[in-house]
Amino acid sequence: MDRSGSSDFAGAAATTGRSNPAPWSDDKESPNNEDDSNEDDGDHTTPAKVTDPLAPKLANNERILVVSVTERTRETWGQKAEFLLAVIGFAVDLGNVWRFPYICYQNGGGAFLVPYCLFLIFGGLPLFYMELALGQFHRCGCLSIWKRICPALKGVGYAICLIDIYMGMYYNTIIGWAVYYLFASFTSKLPWTSCDNPWNTENCMQVTSENFTELATSPAKEFFERKVLESYKGNGLDFMGPVKPTLALCVFGVFVLVYFSLWKGVRSAGKVVWVTALAPYVVLIILLVRGVSLPGADEGIKYYLTPEWHKLKNSKVWIDAASQIFFSLGPGFGTLLALSSYNKFNNNCYRDALITSSINCLTSFLAGFVIFSVLGYMAYVQKTSIDKVGLEGPGLVFIVYPEAIATMSGSVFWSIIFFLMLITLGLDSTFGGLEAMITALCDEYPRVIGRRRELFVLLLLAFIFLCALPTMTYGGVVLVNFLNVYGPGLAILFVVFVEAAGVFWFYGVDRFSSDVEQMLGSKPGLFWRICWTYISPVFLLTIFIFSIMGYKEMLGEEYYYPDWSYQVGWAVTCSSVLCIPMYIIYKFFFASKGGCRQRLQESFQPEDNCGSVVPGQQGTSV
């Protein structure tokens, strides 16, 4: 699929040290060296016209770059839709289903949408757009990109990779829970519909019973805690117990699915996302139609949407809105950089940012209707108020919703499609997080890793699976929540703040805007430049400060964490955060030469031999 003829060398291009030079001019190979018939870069055997703003400028004493076809190309998405589905699939995750509806009704219902939309426009969307543009322009992952922006901040890339490992350790376990439920649903009677099972206790009681009290536990709750997790056999972090084999097998199956989706890069992932990104929407619509037809659904939806304007006076509402937008869109995890790096150079990433971020937020809103229609139904069945039915987090989708499904006709069918939806939502997000790390390391170490992607992905997933084994123990559910807070929860906020500062303050908004102009033909408007320079960094710093102040609240109140666990948690957080200052020290004192001024220049200015990755101007210096 050679686009430039059958010759081994497509031609030659000349460039100066600063005029769009080769991205791998330090003799590294392109990590994705397969030809790609889908990228229409034109025939580069003929020199570009001088009037072309992307054309290399010819001058005396320039070194000649021989552009090899295999080194000039980078694998691209088979279709534009594959990229959009991959981004949507990453952004729309389990949190859209179990977190947004809860914090929406908790923080004023319809009134919550005011700060939510404001933070989307002024905070989340500018960062989302930034990462898509950066990845598409520089066409590399979160490690290699920093030599073209601010070399001293390469530690941001290592921090992101470490955070992605922490996420892989617990997030796939949550998907494993859904897999367990899925297999348990293939029966004539759902196992959480009655209290006559071996794992039930004497406190078990049907939620529809008139004798149901606060001391009683529902069959669905006992199934989750005593059958799926068997958490009663452990004692939290103090004694987690052995690994539960059936749960470990479910999580292992998740890792197998992830491997065969990622081992070939965007060629394999691009095909998988057609199922994993679209299936949740089909199921959501089916569940919505079923939910609104249930008795009491209208009360649930009314509870969800009724605005309580007085709550907007509470600062917590605004902080929750900012946090939800940030973690929902997912900037800073390296995923948007990685996925957009496989786009064509002139792809309209601005339009993509608007489309995908809007779909993400609308999906959260739609999920609220699905959840609250069922919560209204459960309140009707139990003859109680909705606020006594709902739970936040995993309990909502693994206890309350299965509880509701068990009371419906055709409960087996509804259970199967619901947990299939959770699995596909989770898989898309874990694809994105792991692909960010894989792309980054393949780009940074192309000779060692890039050539052996299949083997590297296998070893990486095996390593993460082994590290995740403690989350599959009897006390693993506590560790899952612990890692969620201390792994990415706090660290990613600081990391993204430094990333934004590096791009907008060191690299410069003007230079970044010029990069966007090369791709799209026009510079970003004043609104975007103001957001990038001032509003977005303040947005990130504010969330980070308030998250540190309320980190114990993030852990929840269902389990009392021992004192030593807080020290371990902060060590986990610092392990990724410290990558940034440690690399700055390394770059300044050990990887730079000359006096203090020259070292600062080498550390905080883009390297001379690294510039924009313009199609047809990549190659190996000779």
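The backbone N, Cα and C atoms fix where each Cβ goes, and this holds for glycine too.
Positions annotated as Na(+) 1 binding site by Swiss-Prot, on the basis of similarity to another entry: GLY89, VAL92, LEU425, ASP428, SER429. For VAL92 (Na(+) 1 binding site), the same-chain residues 6+ apart in sequence whose C-beta sits under 8 angstroms from its C-beta are ALA277, PRO280, ILE359, ASN360, THR363, SER364, LEU425, ASP428.
As annotated by Swiss-Prot, Na(+) 2 binding site applies to ALA91, ASN96, SER328, ASN360. Using a 10 Å Cβ-Cβ cutoff, ASN96 (Na(+) 2 binding site) registers 24 neighbours. DSSP assigns ASN96 (Na(+) 2 binding site) to a helix.
Look at Swiss-Prot and you will find 32-42 tagged as compositional bias 'Acidic residues'.
The 10 Å shell around the Cβ of CYS204 (disulfide bond) contains 19 further Cβ atoms across the protein chains shown. Residues annotated as disulfide bond in Swiss-Prot, with similarity to another entry given as evidence: CYS195-CYS204.
Under the heading N-linked glycosylation site, Swiss-Prot lists ASN211, citing sequence analysis as support.
Annotation source Swiss-Prot lists region 'Disordered' at 1-53.
Annotation source Swiss-Prot lists topological domain 'Cytoplasmic' at 1-82 (among others).
The residues of the topological domain 'Extracellular' (176-244), classed with DSSP into helix (H, G, I), strand (E, B) and coil, number 22 helix, 5 strand, 42 coil. Summarising the annotation, Swiss-Prot assigns topological domain 'Extracellular' to 176-244.
Annotated topological domain 'Cytoplasmic' per Swiss-Prot: 587-622 (among others), in sequence order.
Taken from Swiss-Prot, the feature transmembrane segment covers 83-103 (among others), and the record attributes it to sequence analysis.
Annotation source Swiss-Prot lists transmembrane segment at 111-130 (among others). Within its own chain, the transmembrane segment (111-130) has Cβ neighbours under 8 Å at 103-104, 307-309, 311-312, 317-318, 320-322, 324-326, 328-329, 331-332, 336, 349-350, 353-354, 356-357, 361, 365, 496, 500, 503, 512, 528, 531-532, 535-536, 539-540, counting only residues six or more beyond its boundaries.
Here Swiss-Prot flags 155-175 (among others) as transmembrane segment, drawing on sequence analysis.
Annotated transmembrane segment per Swiss-Prot: 245-263 (among others), in sequence order, evidence recorded as sequence analysis.
Outside the transmembrane segment (272-289) by six or more residues, the chain places 82, 85-86, 88-89, 92, 261, 363, 366-367, 369-370, 373-374, 414, 417-418, 420-421, 424-425, 427-428, 431 with a CB less than 8 A from a CB of the stretch. The annotation transmembrane segment is assigned in Swiss-Prot to 272-289 (among others) on the grounds of sequence analysis.
Summarising the annotation, Swiss-Prot assigns transmembrane segment to 325-342 (among others). With a cut-off of 8 Å between Cβ atoms, the residues of this chain six or more beyond the transmembrane segment (325-342) that come close are 32, 74-77, 83, 86-87, 90-91, 93, 95-96, 100, 116, 119-120, 123-125, 127-128, 130-136, 138-142, 145, 157, 160-161, 163-164, 167, 265-266, 349, 352, 357, 360-361, 364, 432-433, 435-440, 443, 488, 492-493, 495-496, 499, 539-540, 543.
Taken from Swiss-Prot, the feature transmembrane segment applies to 354-375 (among others).
The recorded positions recorded for this entry are ALA91, CYS195, SER328, and the Cα of ALA91 lies nearest to that of SER429 (Na(+) 1 binding site).
Listed in sequence order, the residues ILE88, PHE90, ALA91, ASP93, THR276, ALA277, PRO280, THR424, GLY426, LEU427, PHE431, GLY432 complete the 8 Å Cβ shell around the Na(+) 1 site centroid, once GLY89, VAL92, LEU425, ASP428, SER429 themselves are left out. Separation of the C-alpha atoms of ASN96 (Na(+) 2 binding site) and GLY89 (Na(+) 1 binding site): 11 Å, rounded to the nearest whole number. The transmembrane segment (489-509) and the transmembrane segment (530-549) are in contact, since at least 3 Cβ pairs between them lie under 8 Å (pairs 6 or more apart in sequence). Calculated from their C-alpha atoms, the gap between CYS204 (disulfide bond) and GLY89 (Na(+) 1 binding site) amounts to 38 Å. By the Cβ criterion (distance under 8 Å, sequence gap of 6 or more), the transmembrane segment (245-263) is counted as touching the transmembrane segment (455-473), at least 3 such pairs being found.
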